[in-house]
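Contents: one structure, followed by commentary.
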Amino acid sequence: DASGATLAKRQQVVNHLLEHIYDHTHFTDLKNIAGTFSPEAATSIYTDDMEELRDGRLLEQHHWFSLFNTRQRMLFEVLIHCKSWECFLDNAAYFRERMNEGEFVYAIYVAVIHSGIGHGIVIPPIYEVTPHIFTNSEVINKAYSAKMTQTPGRFNMDFTGTKKNKEQRVAYFGEDIGMNIHHVTWHMDFPFWWKDSYGYHLDRKGELFFWVHHQLTARFDSERISNWIDVVDEIHWSCIEGFAPHTSYKYGGEFPARPDNVHFEDVDGVARVRDSRIRDALAHGYLLDNSGNKSSVYSPNVQYYGAIHNTAHIMIGRQGDHKFDMPPGVMEHFETATRDPSFFRLHKYMDNIFKEHKDSLPPYTKNDIAVPGVVIDSVAQLKTFFDTFEVNLGNAKVADVAISADVHRINHEEFSYNIDISNTDKIFICPVKDDNGIMDKFYKSIDPGTNHIVRKSVDSSVTVPDRQYALDLHMFERSCGIPNRDMIIIESRPDGMDFALFVTVDDPEEIGATHSQHGIKKYPDKKPMGYPVDRSIPDNRVFLESPNIKRTYVKVFHDEHGGEQH
């Protein structure tokens, strides 16, 4: 219930709560609430009866935070159970001054996303709330120097590593701030720890997990091909590639680096056991519950099957010797995980498990794919380049000095699909010999006869535009997706790279509207994620001879000097 507070007021309060999060608030209204509010006056909303607060066991401020620790997600439990805006505001203001900053930011973001109280509120881009996580240590040090001398500055930020490391050729992909935001926002929309008791069921969360991360690995493989690198192999519990993030926690030191060829003691054996249990379930077609009986997908025996994905993130993030008391690595934070090459190795491993299930399903027949009466007549026929993106570093320091960083990123010229047909369209692109990724999905009603459709790249439903600066936040719809300006097509090469472009048309009565992979409402597409290319295609004729599917070839060029596009 947000009664008594306008959307503009709630938006302003959330902005103020997240401003200079590592310092005490300077807003009088929040100060007054934090000094006078008593959580003990509303004990019914605290699931643990405030034991952590009473015993002085709140995670301390100026310390690193990990969402994989159940105790460090407890503030969300408080905020999600607030029944009124006043209750939400009182608790947020109170705990902002007393609780760990990382835990507070995470709780605010996820609560605003999932609570009715947060409806309509646009959360500031998290890279401006905690900029040190998204920029390298050199830039942050320059920002502090500028702050100390009260000298405005705009600093250039390079990708990590050197040319001696072949993974550096594709660092622009995993280290892209838009990619980092996409990944962390998706995990906020679909938390792995979500319970239906919070208010609703997250529809098709597991399948969405597969599809979203499959898209990331498919795009990453395509980027590697365009840079003359082999596609990524699945992880085998020796991390072949090392990684040095060159990034610091606000408090707690540098993110730890990992050398090449790190072997995990005992992990390989445990992983093989858990892996074999999951693959055995795939072969039998069912899971087991805690009593050893057949289970629904919502109540498997977690102790038996394990949590491979989450455990792997923790293991890779904490690979150092515990006697050195190092903070978690980048893999333990969804904001930074995609920077580490092992992230894509892990998700290729996860993807292969899902593919094993998909390959066990019967292939689609021509009757499954075809839409009677619909024919795609033609698809008319891209140069990529690097540009810079300005990141505001205002929350990285204390004094009000204009400080920002320029980050290099891949970009492309705006383009359009010209299609003669009808109905719900899906558009896929892949290198001629490897991997596919969805570029767009949209709904279009058609009239009898020929329909000419022009679809602009900026309208793609699987991408989002750049986020607004926190200072410019007024009315901007929150959403998550891969960055429109750089990730919808592949970097390619200066001499060009051939891609196959597929357009498919589906029956809207069977599909539904287009929301793509994000949102907290019921997923509107009833077909499997990635349909019709999600299963094996033993006979290409079934696929290519369907009148509602059209394949064409495009050539993508990369302009090393930037600017012009083909």
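The backbone N, Cα and C atoms fix where each Cβ goes, and this holds for glycine too.
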Swiss-Prot annotation, Cu cation A site containing HIS183, HIS187 - matching residue among HIS201, HIS213: HIS213
Candidate sharing the Cu cation B site with HIS309, HIS313 (per Swiss-Prot), from HIS284, HIS347, HIS357: HIS347
Whichever of CYS82, CYS239 is disulfide-bonded to CYS87 when Swiss-Prot is consulted: CYS82
Sorted by sequence, non-HIS183, HIS187, HIS213 residues with Cβ within 8 Å of centre, Cu cation A: HIS182, VAL184, TRP186, PHE209, VAL212, LEU216, PHE334, ALA337, THR338
Where CYS82 (disulfide bond) falls in three-state DSSP terms: coil
Integer Cα-Cα distance in angstrom, CYS87 (disulfide bond) to HIS187 (Cu cation A binding site): 26
Cβ-Cβ neighbours of CYS82 (disulfide bond) (radius 10 Å): 20
Mapped DSSP class for CYS87 (disulfide bond), helix or strand or coil: helix
Spatial separation of HIS313 (Cu cation B binding site) from HIS187 (Cu cation A binding site) - C-alpha basis, Å: 13
Protein Cβ atoms within 10 Å of HIS187 (Cu cation A binding site), excluding its own: 18
HIS213 (Cu cation A binding site) as reference: those recorded positions from CYS82, HIS309, HIS313 with C-alpha within 10 Å of it: none
